[in-house]
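To start, the structure under review is shown below, and the notes come after it.
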């Protein structure tokens, strides 16, 4: 199979004032996919973006762009373009001049520039806005100008640094759809940085979950949501009920003093583990039908569902999303399926995790 | 409402100041410009000004010198301001640029008298390298040098502020879009610092038009600016009418400069 | 390649700094010269400093200069702060802009014009030239500086803070003295400081409006400098340099104290921007 990866990081380390920001990061990014770097602020996701763009140099390690090592190639010579968090639209130029900036640097003929600007503005649905000043544009429009400006240069990779964070909720959702559609249409690689897990889940082909300068887990949104590798990922992506447990045997796990059937395997006998149960996978039933017995503590109406907080006899808290109302103070049963139980080992790396999954799934 | 009353209260001393020390003096100097030495109403001052070769020539040379001072100041200050903004501890360096302005102007002028005098250090140096002693003090060059020296900090500051205000992501964006360092400077940084340059020009050009003690101490009265002329008429020949006339001309020049370099109200540019 | 570029830029900066400071150190250097000229250094002496301190006329002038500076900046700070509050409360934009333009007239006017027009003004009103006229002039040209220092602080102020104070039962005076003034205090202090240095530094305006028998340091130096070289002026310059240095350092610490680290940079820049006319 030909090497499809357009960006490769090999053992990249980045330090600021001797403080490690990125710790031996390795990854490959394939052509034509929508990637999201997801993590809390300060985790190093923006640093990865800046390393790709060339705004900052790696302390050690190698960065390859389209098969070529680019560590020493300055930003203006790299075929990647960036959409900045604050858009960084030049305030002394109008929309046309902003979008045409990269093209005029390349000394493209004026006629061609006009055509190209028209084309990309149409792509972001801003046809006819050429002569507007940046200050006359709304936040959402500026966002589109910034995207158009980056796209005008026909980059192979578009880097987006939390570009939606300044928009209100409705506009943000709209732009999520548009960005996704744009990426499919153009077929180029998008690398999107965000701390918003919903955004990441909704838009990406692949998500890299990053924490403290490490890539903690990578995979498709569904994989990451369904099989979080550890407590951090489970907590960061979606809401989770996390309790301590022990792996009794393959496909047998014990928590809250009871043994349950599950779908995980390949661990040591009686290994201490953590169990994730997603709130939407829990179902409230009668006490005798439930696998767990809990008491309803509080309840909030969230619009699409009720958020019901219960506690068991071990004082574990259980959050349940249900369309049905519960009665506060009532004793109820919780029902869940074996595949809803996600077992996480302590300190398991992504490689070990993948290897284990492969091993027992092949059986 | 009560705030109305307190607002009025705040305004009493302030508006007194505006009336007495801003509006009244300007009106008075315009009024005064229509009187001759013996106190008769006349247009003669303006007639003299606009028909006499001496005054017109003085105005032109005054503007010319102010232009040169501004130009040299700009040429020295822009790189300084730009490079300063790239240094570590830039606030401290900036403070050190400003410090000389807190030393009395006359003292600095006085120092240059010593440095430039016929047996001063510069001449000593010239002699040492074999050029030989030259008359430096009381020449146009020395006047321009000292005037530029004095104005440099006033030009550096606004430019430095303008450079500092540039959002660093504009520079990243420009590089990202393929521009090299020079293209980024020419197409992004310089245009964005233009307002700083304009206020620097304002801060230097207008005072340069009216410098007067430097012309005497350093220029040896070879250079006569509008400022010198006003001082002469008011304090030496006591011809206040003529002095005021030149003052009115200077005020007019000032207004023109302000309009030329003032921030043009670009459509909603400052709007957030 | 990059390294040498950096070196050239450092060299350039060093050169600029050298030019800026040479005259000042030149003066200080010769203030210790035993010989009476600024040409050749013949030996070290404190004589010129002794001369300064035995020159009672000069000492009186120094005190007068300080007195004018202290008083004028105090009065200007008072009036200027009120003016800034007035402008702040003016909600109509055209009126506000007009006020700001008028405020800036004296900031941009050449000293000669200010001096000449004040001279005409005082003569017209029959006010004698001397301490009074100099003081009034210094107050007059310091007010706009104070306004420009205080206004940004007012604009930065959170409007709902005032509403909150009213809501909690404070009357207008209490809101002013316990909420607004403490908030804008750094601006007021900076304004006072700027006004003080402006007054100390002024030559042209004082030169026009002073009469016989009253003189400030700059005017005195001007007249002495014209008569020829006297090293006691050098000694005086050295003393003033030390004084200015102390002021700058003091000012720097006030600013650092008042403004948290992040804002410091911006503020300083603003203040300095106002210092230039």
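Every residue gets a Cβ built from N, Cα and C, even glycine.
The domain 'ABC transmembrane type-1' annotation in TrEMBL covers B:59-261.
The annotation transmembrane segment is assigned in TrEMBL to B:12-35 (among others).
With a cut-off of 8 Å between Cβ atoms, the residues of this chain six or more beyond the transmembrane segment (B:55-80) that come close are 48-49, 97, 140, 143-144, 147-148, 151-152, 154-156, 159, 197, 200-201, 204-205, 208-209, 223-227, 229, 246, 249, 253. If you look up TrEMBL, you'll see B:55-80 (among others) marked as transmembrane segment.
Positions annotated as transmembrane segment by TrEMBL: B:92-116 (among others).
Tertiary neighbourhood of the transmembrane segment (B:136-160): same-chain residues 65, 68-70, 72-74, 76-78, 80-82, 84-85, 94, 97-98, 100-101, 105, 108-109, 112-113, 116-118, 120, 122-123, 193, 196-197, 199-201, 203-204, 207-208, 211, 214-215, 218-220, 222-223, selected by CB-CB distance under 8 Å and a gap of 6+ residues from either end. What TrEMBL records for B:136-160 (among others) is transmembrane segment.
Tertiary proximity for the transmembrane segment (B:200-219) is limited to same-chain residues at least six positions away from its ends with a CB under 8 Å from its CB atoms, namely 62-63, 65-67, 69-70, 73-74, 77, 105-106, 109-110, 112-113, 116, 137-140, 142-143, 146-147, 150-151, 154-159, 225-228, 230-231, 250, 253-254, 257-258, 261. According to TrEMBL, the transmembrane segment annotation covers B:200-219 (among others).
Per TrEMBL, transmembrane segment is recorded for B:239-262 (among others).
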Non-local residues, at least 6 beyond the ends, that sit with Cβ under 8 Å of the transmembrane segment (B:92-116): 80, 84, 122-123, 136-137, 142, 145-146, 149-150, 153-154, 156-157, 160, 213-214, 217-218
Positions whose Cβ lies under 8 angstroms from the transmembrane segment (B:12-35), at least six residues beyond its ends: 41-43, 45-46, 240-241, 244-245, 247-248, 251
